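Visitor: Structure provided below as structure tokens; questions to follow.
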Amino acid sequence: MSEFINFYLFPALTIGSIYALGAVGISMIFGILRFAHFAHGDLMTLGTYGILAAAALMPVNPLLLVPFGMALTVFAALFVDRYFYRPLRDLPTIYTVISSFGIALVFRSLIQLVWGSENQVLVAGVRPPLILFDTFRVSVLHLQAIVTTAVIAVLLHFFLTATKTGRSMRAVADDPELAEVSGLDTAKVVRWTWIIGAALAAVAGAFAALNTSAHPNLGWNLLLPMFAAAILGGIGKPMGAMAGGFIIGMAEELSSYHWIGDEALISPSYKTAVAFVIMISLLIFRPQGLFKGRLL
Amino acid sequence: MELTGLFFYVVSLLIMGGIYALLCLALNVQWGMGGLFNAGIAGFYGVGAYTSAILSTAASGRHLGGFSMPVPIGLVGAALVAGITGWAVARICVRLKSDYLAMASIGIAEILRLVFVNESWLTNGSLGVSRIPRPLSDFTTGRMSDVVFLGFVWVIVLLVYVATSRLYDSPWGRSLRAIRDNEASALAAGKNVEKYRIQTFVIGCAVMGVAGGLSAHYFRFLSPTATDPLLTTFLVWVMLMAGGSGNNRGAILGALTIWTLWSVTEIFTNRLPPEWATRSSFIRMLLVGLLLQFVLQRFRSGLLPEKSPPVRFRKD
């Protein structure tokens, strides 16, 4: 039992938090701007490298440097929205999707150009795990990731329900035409969507890099599970995306636990396929997600 | 000497250009005619490449094989297996709308890549399949076999071009464009939208499989890196967008133009100072990404825009 919790449950929750933080942005962009943002994974990577660059100058705990990564991703997101996505907004959304593919490539090649394509670590060395109640061994990082995500979830919930901007965001996600004729400032809503999505992408990127290492494909490799999480939670439902992220993360990690007999249920090398299979079956059988999101 | 070097450079450029032209024609059937967003080109390309490689190689203990079939049979096999894979994918995914189809097809391409990497009894894993024969290899040796292969590739391109142009102009192609442009009215006119979409998807995937098979025979070696989504899926999209989606000639022209740009810039970037030369491929990728943005914003109909064939009425 303690083996299950130590080696499967906590890592699964950590992966889940990373997916959850990324999926919030994808779900909000999909809900409000109506397109699947394929550059979101690389936006995460950009955040990671922003933190890495700051860490080279300031040798403190990288988690304190997350604001630098956020600044970079928010700037990048607002920039590409202004110059690359907005000119295509009146066309069928598929053109914006194609454009975001290109932007993903632009982000990745910029990262490789500036920082090279080697693996880099944010924190060198191994930190001893915390031991709780003499049986549970939890790595500090896992605990940080899970707690941070929980705090962000609470803050996000208050933002979306209690502030005017948050409420208008939900209104636009539910019915853009109605929101527009009711006099909501859609440009502001779009701006805040990018700011929140990009900032959370930077946090996700930080934890993803701390969990393994920073490399230019870091975010791209996480993109499809994050899409799966966003669809599972229902498009345009940020809290649903959070839940979806945890479910996908758990499903991925726990699929290689030896549930039956001594063998892993699914070979760990096919771990990532679990998220894809969930995503594809969701798209076919329940595209509105668990929490009744929009169906575009 | 300089001239022969240049000649063989152009030959290799045109061989890869031909393979990309096939991929573009295939994507043009799916996207240009059918409006289906396939973002998993690399997956079907890989299926075709492995099928043809396994069918045509001699026995080897490291992967499934030993059939030693002639190359054309390998390519037919590639088309069949890629087509069947495409059919299975289409059956479940084709009802999805554009963005969702893009996600689903990328997911499927990733699953296929995982299979190529992990199932080493089938593909020899990341070590790859080697000693893949070339067509007509009994008659030519050395560099001349490149020239023969060039002819082989472009004969196939020509065949596919004629076939897809006929399709475009046929009642089938007209129904397809009707579905692409206005699904509701095509449905009201009694067209079986789902059936047409499945057929489109399968035809495109089969041609992608042939392109994959040709690349395996060209390089004589195949490993999972060949199914890198960047170089296959993404570049093909840029080619079709730049060439003109919906136009078969545009697809071929786009493939040749972008592939020439991609390869020729390599010559220049390799002359950069060494600390930059190692990063030259990133500069090229950056430029391709920006080129796509330019095409999308200013140049959407491409080099050769789609031209619907005139409607001919029978004279009474």
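Keep in mind that glycine also has a Cβ here, set from the backbone N, Cα and C atoms.
Here TrEMBL flags B:6-29, B:36-59, B:71-93, B:100-117, B:147-168, B:201-219, B:281-299 as transmembrane segment.
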Visitor: What parts of the chain pack near the transmembrane segment (B:281-299), using Cβ distances under 8 Å and only residues at least 6 beyond its ends?
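Guide: Those are 230, 234-235, 237-238, 241-242, 258, 262, 265-266, 269, in sequence order.
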Visitor: For the transmembrane segment (B:147-168), which recorded stretch in the set B:6-29, B:36-59, B:71-93, B:100-117, B:201-219 gives the largest number of Cβ pairs separated by under 8 Å?
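Guide: Selected stretch: B:6-29, with the most Cβ pairs under 8 Å.
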Visitor: Other than its close neighbours in sequence, what residues sit by the transmembrane segment (B:71-93), given a CB gap under 8 Å and a spacing of at least six beyond its ends?
Guide: 40, 43-45, 47-49, 51-53, 55-56, 101, 104-105, 108, 112, 133-135, 156, 197-198, 201-210, 212-214, 217
Visitor: Using Cβ atoms and a strict cutoff of less than 8 Å, what residues sit near the transmembrane segment (B:201-219) while being 6 or more residues removed from its termini?
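Guide: That would be 15-16, 18-20, 22-23, 25-27, 29-30, 34, 36, 38, 41, 44-53, 56, 71, 74-75, 77-83, 85-87, 89-90, 94, 129, 132-135, 149, 152-153, 156, 160, 167, 226.
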Visitor: Hey, which bits of the same chain come close to the transmembrane segment (B:36-59), Cβ under 8 Å, at least six residues off its ends?
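Guide: Residues packing against the transmembrane segment (B:36-59) from afar: 23, 26-27, 30, 65-71, 73-75, 77-82, 85-86, 89, 94, 98-99, 101-103, 105-113, 116, 122-123, 129, 131-133, 197, 200-201, 204-205, 208-217, 222, 224, 226-229, 232-233, 236-237.
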